[in-house]
């Protein structure tokens, strides 16, 4: 600490060493060469060597501050707890002590968390297949020359992407209210029972609908782009062989866009497990949504309503790990399927 | 984000004229039967109508005066749009417009900074061969997979340590770095910038920074627009971070503002009309932006590399 000049210079050298190996002379030339019109090859090289690190610097600093540091801190918090001494009054009465796996065991045995995880799994089981199925279906339709109104439909289906999740939930939330809902209106006219769309079983459909509405367009564009990039010769050959459009779609197009499907699948799962905005927004409109409906709401609730940041951090870590494990497991399964399919 | 499936990009960049789909004769590659497939067209139009339904509803609902919202048929327009907008503007001295401005500020500035950071990093990763290149890229990509919640709580606590919570910076700063954007930047730079041009620039004595500014940036322009739009939408739509960070509603973005309004509506239903009008006014700019921009910027460009 008390030897700044020497220490500072050494650390600078150590930092520069791995990539630039600058001898004092090249550093000097580099500094001067800026004014020279014809720099020597060596100085250009030196400059080019440090340049990528300078270009990456802003991203690296931001990553360290807003990704690495918070993740590390969350991990640290998850292994600590607050210990209160005596009556817990005054400064120093509360201290953070090592908690081992305590927070994790209580997170994993928490019935509220388990319930919310189950809810979200059920929700995901509706959202992911329906959303991606529709996205693929619409992408194939967009890619078919015989279908009309394509540019209109492409834009219309993509439109929800520009609508924030909170606002999407507001719009649909009102459309679910019995006094406003056209569904209730229709059911009433037909003399059918009018279920409460924001409670019990229908709530899953209502919630899924918002996610499907919001996500289909983007995934459709992703798949559609992959379809557009396939070489036209393949289709020509298939058409000459007398394949129908449906056969081309099923036998050629879908297998060829499998990589895009796998990726959209992967990211849809991650997004689904982290659902927060929509249930949070629907909550004021109904009594059917508890404040721990999704795991993320549970984390939020623990941290900011319950004030237990240590438990919340452990839950968040568990959630992150579960997301990774689940999405990678599903990715592997789908990969194995595809390779098997290709082998046949 | 998805280094695994980059190939589509090149074709999209070249082929976006074709992707518009309306230019006759643009799709030379494929035979073009003229017969319309009725059923598939109907299915596609149905899908489009489904996606337009809530938007159409909010346009209609925003025209209804308070007393008609829950009493007249959903899609029957009223004549109160002007009153509703006036009421909304008058609500707490026009705080709604404050939220709108805040959103524009967060999303606009955030997206600009994000584009700059992504362009710099993406360019470095695409053009230079240096030690730690792949490691850096991979670490960055895992950042994409990180659930925002695991970041949000410690981000809040760290911001609190730095005395920055409830400030504009607390919402702006964490959103500048988008691993997504860096990934896109790399892909676009790889696709758009020929190495020979960079070498030629060096031969002519241009510095690395000058090469980046004068050669790379113009060539990456369509990609940079895409990164900007992507980030703009991402920040505009963001709810969790400002919801956690901010307490003072003068600093709220649109999403958090409308949410609090909706929450109050539970006990004060007359606010619902304001929420609905506010929702319409909040989505109008982004929809307009996409409608305008799609004339010279293709949607496919966004997806060409972004797989989310």
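Glycine is no exception: its Cβ is also placed from the backbone N, Cα and C atoms.
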With TrEMBL as the source, identify the stretch among B:79-103, B:104-128 annotated transmembrane segment. B:104-128
Cβ under 8 Å, sequence separation of at least 6 from the ends of the transmembrane segment (B:168-189): give me the contacting residues as numbers and ranges. 1-3, 6, 9, 102, 105-106, 109-110, 113-115, 117-123, 125-127, 137, 140-141, 143-144, 151, 155, 159, 216, 220, 222-224, 226-227, 230-231, 234-235, 238, 241-242, 245-246, 251, 253, 305-306, 308
Under 8 angstroms for C-beta pairs, at least 3 of them, ignoring pairs fewer than 6 apart in sequence. Is the transmembrane segment (B:104-128) in contact with the transmembrane segment (B:271-293) by that rule? no
State the non-local partners of the transmembrane segment (B:37-60) in its own chain: residues 6+ outside its ends, Cβ under 8 Å from one of its Cβ atoms. 74-77, 276, 279-280, 283, 287
